[in-house]
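Listed in TrEMBL for this protein:
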TRANSMEM  12-33  transmembrane segment
DOMAIN    13-290  domain 'ABC transmembrane type-1'
TRANSMEM  53-72  transmembrane segment
TRANSMEM  124-142  transmembrane segment
TRANSMEM  148-167  transmembrane segment
TRANSMEM  229-255  transmembrane segment
TRANSMEM  267-285  transmembrane segment
DOMAIN    327-535  domain 'ABC transporter'
Amino acid sequence: MKILKLLIQSSKLLFLVAVVASALTGICSSFLIKMVVESINQTDFDAETFKVQFFLLWLGYGVLAVVSSFVVSKLSQGIIHKLRVSLSTKILQASFQEIEFNQGKIFPILTEDIKSIYHGIDRMPSVTTGLATVLGVLGYIAYEHPTLSLAVLVLFASVFVLTKLSLKFIRRYQEKSRVLWNDIFKMFEGLTYGIKELTINKKFKNFYLSEVIEKTSKKQNQYLVKESVVVAIASKSSDMVLLFGMASLVVYIYASGFVEPSVFGEFLTLVLFIIAPLSTVAGWFSNLKRIEVALEQISSTGIDLEEATQLVEPVDLLEPESYDSIIELKNARHEYYNPDEDEHFELGPINTTIKKGELIFLLGGNGSGKTTLAKMIIGLYPPKEGALYYKDQKVDDSNREDYRNKFSATFVDSYLFDNVTLIDDESVIKRSEQLLKTLEMTKKVKIENGKFSTTRLSEGQKKRLGLINAILKDTEIYLFDEWAANQDPHFKKIFYEIILQDLKKAGKTIIVISHDEQYFDKGDRVIKLMEGQLV
Ligand SMILES: Nc1ncnc2c1ncn2[C@@H]1O[C@H](COP(=O)(O)OP(=O)(O)OP(=O)(O)O)[C@@H](O)[C@H]1O
């Protein structure tokens, strides 16, 4: 079971303490039950010994139960923390294309699936204690009443079969309701980021509320209700099987007389004591299924929760003194397949070279593949065929991370981080102040505690801050994907005539995706894409 593996991986020592403490708690409770039951029919009842023994077991039970709860909760919290960090790490390490393709699934995983795993683990103290109690009492019954215990085992086996049968249905509904979480998150995304469009148009707002939100939410509720019904049927029918079995035994024992009624009474009391913990253990199996569903969702995005096994040792690219080109694409191809529309987009084969210090404009109509080519050049999409070279060295899985580090980029949908731009170096502070001035942002943004003071800005201003962020990274190659698209003519001029020229003077290699043909004479070369091909 993957969840047990995760628990053990989290801390072997804590896991061992939790198992031992839970087992001892169960043993204490079994002995307490045995003492009470035995004392009922005892003729030579010794109250003093009973009090001492009972007190010690009672105290032991309480202390051990608290210890096991504390340790398991420490373990489960540790797992949740580790899961969050490791999931985030794995997302950052995973193939960009895989994560980009599964973008809609990431949020539900980081919230819903982690919550399901947490709730499953959180119940473990009561489950382990319950299990230990059941096993302890069963052991005692088997020792004291071997024939009767056989009958109990048959009854418990029926409960087990019933639970197992119901788990198939429970899992089916859990899977269906979990898949709907992806739609629910998408719908909340629309509600948050599309609030302008929704607020403006009453018809659309009502449609979104009734046809999207209400329908999806209702559908999920139906699955959740079905799951609860199956859980209730399974658990209640188990209780009914147990009670019916007991009643049948009573009738049979009275009819056959093969056991003394007083012995049977003691036996029955013991069995009744373990029905509740047995129910807790059986109920937990549905939680286990939910954990399985959550873990499957996580691995469906290509994220493997096992400890990372480094497939290729990362290496740095060399920095030779002389080389032909800084970037070269040889027969490089990329393709997308859109399963929803059964549509392919093919880029390439692309053959081109970029020299160090060149300022290149990349031009092309909407959907011609400019951003896709940019992502391939920057190392986000490894070419599906052909190859990419940096200073005459082939870029492959081992050096791709180092290759990507040679770039700074702004994309159309770039995210402006407000807590990452660490401006701690004196020269960087100076440069950022200079850039704020050039891009006329000094009245809006200041540098405070090594960060920009605000990101509550207009879209054009945010883009300018994003540009400053990219430039401050001071990398060898820059890529700007339609940066100037939403800038007014004044800031377009600043971008093409000051910013790009300053970068060029500093020896940077620059690729600019742009439709501003009036500035193309400021560059060294223009390349054009048409339907995925360089023309
Ligand atoms: N993540 C993706 N998955 C599937 N298809 C995609 C993906 N991204 C882009 N495409 C498809 O690839 C084609 C090229 O897209 P791309 O974004 O590279 O074009 P572009 O030239 O940058 O367009 P624009 O000028 O509109 O930004 C389009 O037909 C688009 O539908």
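Note that Cβ sites are derived from N, Cα and C of the backbone, with glycine treated the same way.
Non-local neighbours of the transmembrane segment (124-142) in the same chain are 18-19, 22-27, 29-31, 33-34, 65, 68-69, 72-73, 76, 148-149, 152-153, 267, 270-271, 273-274, 276-278, 280-281, 284; each lies 6+ residues outside the stretch with a CB under 8 Å from one of its CB atoms.
Across the domain 'ABC transporter' (327-535), the prediction's mean pLDDT works out to 91. Here the transmembrane segment (148-167) does not lie next to the transmembrane segment (53-72) in space: the count of CB pairs under 8 Å, restricted to residues six or more apart, is fewer than 3.
Segment contact holds for the transmembrane segment (229-255) and the transmembrane segment (267-285), given three or more CB pairs below 8 angstroms at sequence separation of 6 or more. Nonlocal intrachain contacts for the transmembrane segment (53-72), taken as residues 6+ away from its ends with a CB within less than 8 angstroms of a stretch CB, comprise 14, 17-18, 21-22, 24-25, 28-29, 31-32, 35, 121-122, 124-125, 128-129.
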